[in-house]
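What TrEMBL says about this one:
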TRANSMEM  32-54  transmembrane segment
TRANSMEM  66-85  transmembrane segment
TRANSMEM  97-117  transmembrane segment
TRANSMEM  187-204  transmembrane segment
TRANSMEM  216-235  transmembrane segment
TRANSMEM  287-306  transmembrane segment
TRANSMEM  318-335  transmembrane segment
TRANSMEM  355-372  transmembrane segment
TRANSMEM  384-405  transmembrane segment
REGION    420-452  region 'Disordered'
Amino acid sequence: MAKGELKKSGADDVQVSSRSECEVFDDGTNTFFWRAHTLTVLFILTCVLVYVTLLEETPHDTAYNTKRGIVASILVFLCFGVTQAKDGPFTRPHPAYWRFWLCVSVVYELFLIFILFQTVHDGRQFMKFIDPKLGVPLPERDYGGNCLIYDPGNPADPFHNIWDKMDGFVPAHFLGWYIKTLVIRDWWMCMIISVMFEFLEYSLEHQLPNFSECWWDHWIMDVLVCNGLGIYCGMKTLGWLSMKPYQWQGLWNIPTYKGKIKRIAFQFTPYSWVKFEWRPASNLRRWLAVLGIIFMFLLAELNTFYLKFVLWMPPEHYLVLLRLIFFVNVGGVGMREFYDFMDDPKFHKKLGQQAWIVATITVTEFLIVVKYDPNTIMLPIPFFVTQCWILGFLLILVWTLWRFFIRDITLRYKETRRRRQEVSSDRDSSSSTSSGRSKLNGNTDSVRHRKP
């Protein structure tokens, strides 16, 4: 644990204590692992550049030199960012790890901007420079068809429809929703996003054939089994993290080998824990923030399918997997920064850097989809589906108006009326008391006049 991290954790401790979350003990051990190595990285980088310049012969291959020059530029930028970028809210397993992903976010956004400014043909053919197998149109797999759970027409294997759906995407769904639960840290929001995405698949299956799935694939395998089990396991992990004691001690200060191994394992757990309390109905700001998070999550999910559709990437391609790994690492930091900005705007006066770049990436991906295949996304939605979505938006709008405007006006009117009634009743009681006292004083005076 570095001293710099200990200073940073002071702000975290104040924030956590104000939220009544957890207490953190740290002995402040500053080891080589936690110290800044800016000069070391600069020396190594300079040696590599000197070797390439003076000792290595440049090949006469324009395409190869272009690729190598781009990769070298990215690596130099990553070295700069890992050593010089601003730290985010996460410090484990190491702040440099999260600085690395921040820089990768910038590189990915620049790549998306480059793709966005190309023609459709050039953008798709540019993918061949990354992988020669890309740049070829690929048919989408249709998950619909025969939706019988038990198929009597196939006596050899009547449950073949279920086994056909048991592919690599089943554990991917479970693992994905387990991680999303750790990112969002709220059961209700996870379930809403999970169910809403299934409705989106129903609504958009006329655009992408692989959205066409059987009803039991939507609601049983996806929502209940894969997503539901992932959310359940994620909530159990969140409960353990909220109850876990956060006491950190230097590795060399631990006497036993078992304690050292345990300390190394706990290095990959959070330094401290903050429980997310979204409370969307508490005020209009939090309600709009939660709606924005749900919208961006759903848009990022849709981008996964539409991007590989417009850029002609098969679902099993390694670039699709790398994009998911990327969002796993940057999503948690972005969500924490967004929550801090929403929950305490006086302390966090601006949106965090990772949350800003993640939102920009999501929007840029959607713009690429719009530019590369406008005909697909402009296919008319079935009328009954449009009616359902209009009804849903109207319900959200009506509830928002009632909860944050009409209800508040009504409550303020009732409170004002109650106060006026209390003031008038106080005046009546005081006037009656004063009149009673005047009558009593008049009777006493008459008695005094009679005595002489």
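Heads up, residue numbers simply count up from 1 along the chain you see.
Placed from the backbone N, Cα and C atoms, the Cβ positions cover glycine too.
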Q: Select the range from 32-54, 97-117, 187-204, 318-335, 384-405 that forms the most Cβ-Cβ pairs under 8 Å with the transmembrane segment (287-306).
A: 187-204
Q) Taking residues 6+ outside the transmembrane segment (318-335), which of them lie with a CB under 8 Å of any CB in it? A) 88-90, 98, 101-102, 104-105, 108, 130-131, 176, 179-180, 182-184, 293, 300, 304, 307-308, 352, 354-355, 357-359
**Q.** Selection from 32-54, 97-117, 187-204, the stretch that has most Cβ pairs under 8 A to the transmembrane segment (355-372)
**A.** 97-117
Q | Close approaches to the transmembrane segment (97-117) from elsewhere in its chain (Cβ under 8 angstroms; 6 or more beyond its ends) | A | 74, 77-78, 80-83, 85, 87-88, 90-91, 123, 126, 311, 326, 329-330, 333, 353-354, 357-358, 360-361, 364-365, 367-368, 371
